[in-house]
């Protein structure tokens, strides 16, 4: 398989965000998914970082744009811009720090306040490799996810456990939600078929929301270089 690059053509682009307290491992989850790297010297994110990875959905290539922001309160001013246009979110806590789990509902409230109500959310208990230091049991994560209608996985960015699965669960569910909405809107409008773009390859939606009706979601190889930094005033 040829290596991905940022410039590789894609059929669709959508945005997802990583949220949770500082130092829960958001940046390393992003680095593992986008570049298959783990940074032992990872430092707190300043402002916003985002990375890309191409995902095969049937015969289409979707470029997933994953955003990571600092968990510190002093960066809360970027909130509305950060969530705008997001179709999915990984809501992350550290299984070795009870406070990060206790703050999950605060982050979920903020997400639901600023993001689209149809945003797909996966609850992620990260650092599962640190079992001996666990403060949050796996069943607690499952119970919270069930009560809030979220998906749930425990991950280890260090050991690369369930990282791919967490992102692909989110991407697959985004496809289902958007496809169902397209079908419902077309039925309400009396349209026989979805509006097709210029090359006849897919359904046209606002930027970041173009998904086609297929049933297979697989990721390509991680990008060799995909991170970018930006800040909002």
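Positions of Cβ are set from backbone N, Cα and C atoms, glycine also.
Now, the feature entries from Swiss-Prot:
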- 20-27, 68-72, 126-129, 156-157: GTP binding site (BINDING)
- 42-50: motif 'Effector region' (MOTIF)
- 230: S-geranylgeranyl cysteine (LIPID)
- 231: S-geranylgeranyl cysteine (LIPID)
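Annotated features taken from Swiss-Prot, shown on the structure.
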residue: 20; record: GTP binding site; CB count, 10 Å: 26
residue: 23; record: GTP binding site; CB count, 10 Å: 17
residue: 26; record: GTP binding site; CB count, 10 Å: 28
residue: 69; record: GTP binding site; CB count, 10 Å: 26
residue: 128; record: GTP binding site; CB count, 10 Å: 20
residue: 157; record: GTP binding site; CB count, 10 Å: 27
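In this structure, residue 69 (GTP binding site) is part of a beta strand by DSSP. Taken together, the residues in the motif 'Effector region' (42-50) have a mean pLDDT of 62 on the 0 to 100 scale.
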